[in-house]
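Contents: one structure, followed by commentary.
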Amino acid sequence: MSHADEHAGDHGATRRDFLYYATAGAGTVAAGAAAWTLVNQMNPSADVQALASIQVDVSGVETGTQLTVKWLGKPVFIRRRTEDEIQAGREVDLGQLIDRSAQNSNKPDAPATDENRTMDEAGEWLVMIGVCTHLGCVPIGDGAGDFGGWFCPCHGSHYDTSGRIRRGPAPQNLHIPVAEFLDDTTIKLG
């Protein structure tokens, strides 16, 4: 047996092990790079991140009117309610409601009282995502429906002056987004 054969015979397993580990390491690096690219592309784009939070000037919203803005691709109703609307919302017995949850991202797990659905203690400002919770249609407002609030013409859901479902197929109240007053005339959504 030649010296080369002896040397190969002594270290054959070591060379084989090295090639095995080198190939496995290269495969792991390649798989990690592919996984990183796949996960990274799922992050929101810059334009989506820019829309994640918006500021809305409500200085021109008169009592009894509403402003609709687009946020995250959905309409958001910002209503400045009248004293009659506030009183009508506060007189409702929770036992009459289909959905007894406030559906308020600012107050999770709160009951659907009028106070838990408005932005201020006086109940003047009501901010809701303007999407019917039945099949995603946009309800009409300004006193529409049988309860003086909003009405979804697609399938007949009626919402009261607090945006709570009162009649129809919608299973939940209109949802309230994360929102806060930055000052007396600016609301931040998101």
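Placement of Cβ uses the backbone N, Cα and C atoms for every residue, glycine included.
Of all Cβ atoms in the shown protein chains, 12 besides its own fall within 10 Å of the Cβ of HIS155 ([2Fe-2S] cluster binding site). Under the DSSP three-state reduction, HIS155 ([2Fe-2S] cluster binding site) is assigned to coil, being neither helix nor strand. Annotated [2Fe-2S] cluster binding site per Swiss-Prot: CYS132, HIS134, CYS152, HIS155, in sequence order.
Over all protein chains present, the Cβ of CYS154 (disulfide bond) has 16 other Cβ atoms lying within 10 Å. Look at Swiss-Prot and you will find CYS137-CYS154 tagged as disulfide bond, backed by sequence analysis.
With DSSP classes pooled into helix, strand and coil, the tally for the domain 'Rieske' (95-188) is 5 helix, 34 strand, 55 coil. Residues or ranges marked as domain 'Rieske' by Swiss-Prot on the basis of sequence analysis: 95-188.
Among the features that Swiss-Prot reports, transmembrane segment is placed at 18-39.
The two recorded residues, HIS155 ([2Fe-2S] cluster binding site) and CYS137 (disulfide bond), show a Cα separation of 9 Å. The [2Fe-2S] cluster site, placed at the center of the C-beta atoms of CYS132, HIS134, CYS152, HIS155, has further neighbours from the same chain whose C-beta lies within 8 angstroms: THR133, LEU135, GLY136, CYS137, PRO139, CYS154, GLY156, SER157, GLY168, PRO169, ALA170. On the backbone, the CA of CYS132 ([2Fe-2S] cluster binding site) and the CA of CYS154 (disulfide bond) stand 9 Å apart.
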